[in-house]
Every structure is written in C-alpha cells, then in structure tokens.
Amino acid sequence: MEKTMEKIVALAKARGFVYPGSEIYGGLANTWDYGNLGVELKNNVKRAWWQKFIMENQYNVGVDCAILMNPQTWVASGHLGGFSDPLMDCKECHERFRADKIIEDYAAEYNATLDGSVDGWSQEKMKQFIEDNNVPCPTCGKHNFTDIRQFNLMFKTFQGVTEDAKNTVYLRPETAQGIFVNFKNVQRTSRKKIPFGIGQVGKSFRNEITPGNFTFRTREFEQMELEFFCEPDTDLEWFAYWKQFCIDWLKTLGMKDEEMRVRDHDKEELSFYSKATTDIEFLFPFGWGELWGIADRTDYDLTQHQNISGQDLTYFDDQKNIRYVPYVIEPSLGADRVVLAFLCAAYDEEEIGEGDVRTVLHFHPALAPVKIGVLPLSKKLNEGAEKIFMELSRKYNCEFDDRGNIGKRYRRQDEIGTPFCITYDFESETDNCVTVRFRDSMDQERVAISDLDAYFADKFTF
Ligand code: ATP
C-alpha cells in the first residue's frame with residue numbers, strides 16, 4: 001500500500017475532514033476549511049493537548065489572549081525587526097522562492113553537505129552557495145536569480161477608521177507573546193510559584209513565502225504553546241523534562257517511534273538567545289517535517305518586555321530570598337500540523353479478502369471524530385436504535401446510520417476512523433443486547449444495552 005498525499009487529501013475532502021477554502025469562488029490559495037469531521041478531530045487534538053498540558057498538569061494554567069496586540073509587543077519580541085525570510089526571484093520564470101529552502105532541497109537531492117543549518121547563514125553565504133553550485137530554479141531549471149532580500153512575515157492591518165502608520169497593527173505571528181505580556185497578571189491571579197507554566201491555544205498568522213503540502217504550512221494556522229517559567233540554572237533540566245513530556249504525549253496518542261525523530265539543533269542553528277532547541281519531526285508522505293519546536297529561550301523574552309515596557313517583570317522567591325528574571329522553556333506545537341500528522345499516521349489500506357481492500361483510519365479512540373456508530377440492521381428497528389443513540393450522544397459524538405447494507409455501513413465508519421459500531425438487530429428486541437464491532441480487529445462482541453454506559457466508560461481515555 002502506498003500512502004500518498006493525493007489519497008489523504010482526496011479522502012479528507014470526500015469525507016468532510018478538510019475542504020479547499022472559499023471553493024465556490026475558485027478558492028484562495030493555501031487556505032483550508034475543516035469540515036464536519038475535521039472540526040471534531042481538531043477539537044479532540046486540542047482537547048488532548050489541554051488535558052495533559054493544562055488540566056492534569058500540576059504546574060500549568062491556561063490563558064486565551066487577543067490576536068491584535070500593542071505593536072510595541074513586536075518591537076520587544078524582535079518580530080518587527082527580524083522576523084523575515086530570505087526571498088529570491090527567478091528572473092526567467094518570475095517564480096518566487098525562499099533562498100534557504102532552495103539550498104536545503106538542492107543539498108538533499110545531490111547529497112551535498114552543508115556547513116551547519118542554512119537557518120543560521122548570512123544572505124551573502126546563501127548567494128555564494130547558489131553561485132558556486134550553480135543551483136537551478138526548481139521551476140524552470142535556469143540559473144538566473146535576483147539578489148536575496150529579507151521579507152517580513154507579519155500580516156499588517158489598521159485599527160480604527162484611518163489607515164495611517166499610527167493605527168498600524170499586526171496579526172500575531174505566534175501565541176507566545178500574549179503569555180509573556182501577561183506573566184505578572186497570571187502569576188498574581190493564579191498564585192503560582194516558580195516553576196510554573198502558562199499555555200495557550202489559538203490562531204497565528206504568517207505571510208509565508210512558500211506555503212504548501214496541504215495544511216502543513218499555511219498563512220493562517222493554530223498553535224498550542226506552553227511558556228514554562230523556571231529559575232535560572234534549572235532551565236536545562238526543565239528543557240529535558242518538557243522534551244520527554246512532548247514525546248510521551250504523541251506516543252500515548254498512538255504515534256509510533258519509526259514515524260518520529262528528535263532533532264537537536266547544533267550551535268550554528270540555535271537562535272542567539274537560545275541555550276538548547278529540539279525539533280520533534282514526523283515522517284509525512286512528502287518527507288520529514290517539524291511538528292514541535294522545544295526551546296530553552298533563557299530570560300530573553302521577559303527581559304526584552306521589561307526593557308521596552310519599563311515594567312518590572314522580575315520574580316521574587318520568598319523562600320530563597322532572591323529576585324530574578326525567570327528563564328523560559330517553550331514547547332510550541334502547530335495544531336493543524338499535528339492533526340495532519342495524526343491523519344497521515346492513521347491512514348491505511350488493508351487487504352481483508354481476495355481483492356477486497358478496506359480503507360481505514362486507525363485513530364486513537366480519544367482522537368476519533370466519531371466515537372460510536374449506531375446502526376440498526378433494518379429501518380424497522382430504528383426506534384430501539386435511536387434510544388441507544390440518544391443516550392450515548394449525551395457523552396460521545398455518535399453517528400446514526402440506517403442507510404445501505406450493514407457491510408457498507410461498517411466500511412464507511414472504518415474510513416472515517418470510528419473505533420466502535422453498535423448494531424441493533426432483531427434479536428436486540430428480545431434479548432436487550434447489541435453487537436459491538438471493533439474497527440481495527442473487526443471482531444464483534446455481544447453486550448447488554450444496560451451495560452453500554454459502563455462498557456464505554458474507559459474506552460476513550462488516554
Ligand atoms: P518552519 O521552520 O516550519 O517555518 P518554525 O521553526 O518557524 O517552522 P516555530 O516558529 O517554532 O516554527 O513555530 C512552532 C510550531 O508552529 C511549528 O513547529 C509548527 O508546528 C507550527 N507552525 C509554524 N509555522 C506554521 C505554518 N505556516 N503553518 C502551520 N503550522 C506552522
């Protein structure tokens with residue numbers, strides 16, 4: 001079975017996971033809308049993150065901050081000055097590229113070794129590499145590029161009725177800054193002592209030069225970020241702790257070792273303020289891609305905000321009688337990216353008889369968009385089946401399907417990743433039992449209707 005993006009994108013559209021954005025107007029490049037199943041899947045992923053990182057975690061609390069922030073925020077964070085990608089055009093076909101990506105792709109194709117990560121290279125060094133290696137344009141194959149220039153990735157807009165510089169605001173390019181500017185507020189109202197963390201889930205916007213690979217890289221996306229504040233000198237321990245925590249989260253939700261790799265940044269690749277950074281990558285059908293960036297950001301962010309805002313952002317440890325600017329460990333995960341990873345990981349085509357292939361999504365039950373399919377064997381049995389549906393729907397997202405033969409209905413539920421189907425048949429009317437069928441093994445089991453509540457109680461936990 002070959003797992004391709006074409007198959008996954010087609011299934012996503014056909015079954016209601018993800019549609020192309022604004023489709024009736026011919027679309028808008030690289031925008032996507034989550035459909036009836038996609039919204040459930042994405043909500044389940046976000047809920048699973050919130051559950052483990054915020055609800056069950058003794059150290060952390062959550063916030064939900066505004067997308068529009070005082071522009072001074074972006075001066076302090078460095079986004080206004082330095083959040084840009086190296087842009088280059090092909091003079092022949094006028095296609096536009098990121099210079100660093102062309103170099104990386106060229107090196108991968110021709111097995112060329114690079115001097116550290118291209119992320120850390122200067123513009124001159126990139127240009128030199130492209131000239132020395134005679135790197136061709138990926139679109140037309142010619143060798144005639146413009147100079148490299150920096151392109152700021154922030155989306156700009158105006159607040160209020162006049163469109164002038166003093167009304168310029170930016171759509172946030174990450175959720176983290178809402179957390180930093182509220183550090184004191186949250187510390188006071190939650191009465192947390194260091195070490196503690198603040199998490200947030202929400203939209204971010206980046207005017208990416210080369211979006212693509214379905215929902216992997218888009219200009220509007222959602223992030224799940226934690227900023228964990230700790231005492232200086234304890235940062236590397238906490239860095240290791242959160243790195244393992246993130247790996248464990250992915251694994252408990254069914255991600256396999258061979259689909260994941262952990263890539264530590266070497267010295268040249270590290271941002272100037274970072275002591276350690278790791279990417280957790282996933283093997284997508286198009287290759288390895290970053291899912292999660294985990295960084296030791298030292299005291300950079302709070303110090304910057306303290307300097308620019310003039311507000312005191314230090315923390316006083318009344319046990320040790322010391323005052324300091326906390327260090328920060330930041331695990332930052334893209335919600336859309338990890339949803340795509342779970343979708344790719346779940347996708348399977350299984351041969352279950354001669355020439356008989358079923359498409360199935362092996363989602364972890366906690367992530368499955370539909371938890372239980374309720375299927376009356378015949379429409380004559382709808383009344384009894386509907387009662388079960390109504391009862392279970394109070395707790396789980398269920399689907400009621402009375403159309404077509406039962407085999408086809410099972411296959412449809414397999415294809416959307418429903419872990420359990422309940423079949424209500426003629427015997428159910430007298431023995432008060434139903435058949436529960438499992439998606440992965442296709443085994444079946446008879447269960448009393450009165451036991452269903454207890455039966456499912458531990459089936460969707462993780
Ligand atoms: P990349 O190198 O892929 O552009 P990055 O290193 O700039 O990513 P971060 O700024 O560390 O990414 O953002 C944290 C996480 O947010 C990423 O690991 C990714 O999961 C997600 N993310 C970042 N940019 C996008 C995007 N354009 N579309 C979807 N998700 C994104």
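Even glycines carry a Cβ here, placed using N, Cα and C.
Look at GLU225 (substrate binding site): DSSP puts it in a strand. Here TrEMBL flags ARG98, GLU174, PHE221, GLU222, GLN223, MET224, GLU225, GLU330, PRO331, SER332, LEU333, GLY334 as substrate binding site.
Per TrEMBL, the feature domain 'Aminoacyl-transfer RNA synthetases class-II family profile' maps to 154-369.
In sequence order, THR215, PHE216, PHE221, GLY289, GLU290, LEU291 make up the list of same-chain residues 6 or more apart from ARG337 (ATP binding site) whose Cβ falls under 8 Å from its Cβ. What TrEMBL records for 206-208, 216-221, 290-291, 334-337 is ATP binding site.
Mean pLDDT for the domain 'Aminoacyl-transfer RNA synthetases class-II family profile' (154-369) in the predicted structure: 96.
Neighbour list (ARG98 (substrate binding site), Cβ cut-off 8 Å, at least 6 residues apart, same chain): ASP85, PRO86, LEU87, MET88, ILE209, THR210. Only GLN223, in sequence order, out of the binding-site residues ARG98, GLN223, GLU225, PRO331, ALA335 have a CB under 6 Å from ligand 1. In the three-state DSSP scheme, ALA335 (ATP binding site) is classed as helix. A simple Cβ count within 10 Å picks out one of the binding-site residues ARG206, ARG219 as the most packed, and that one is ARG206. According to DSSP, GLU208 (ATP binding site) is assigned to coil rather than to any helix or strand. For GLU208 (ATP binding site), the same-chain residues lying six or more positions away in sequence with a CB closer than 8 A to its CB are ASN30, ASP85, LEU153, ARG217, THR218, ARG219.
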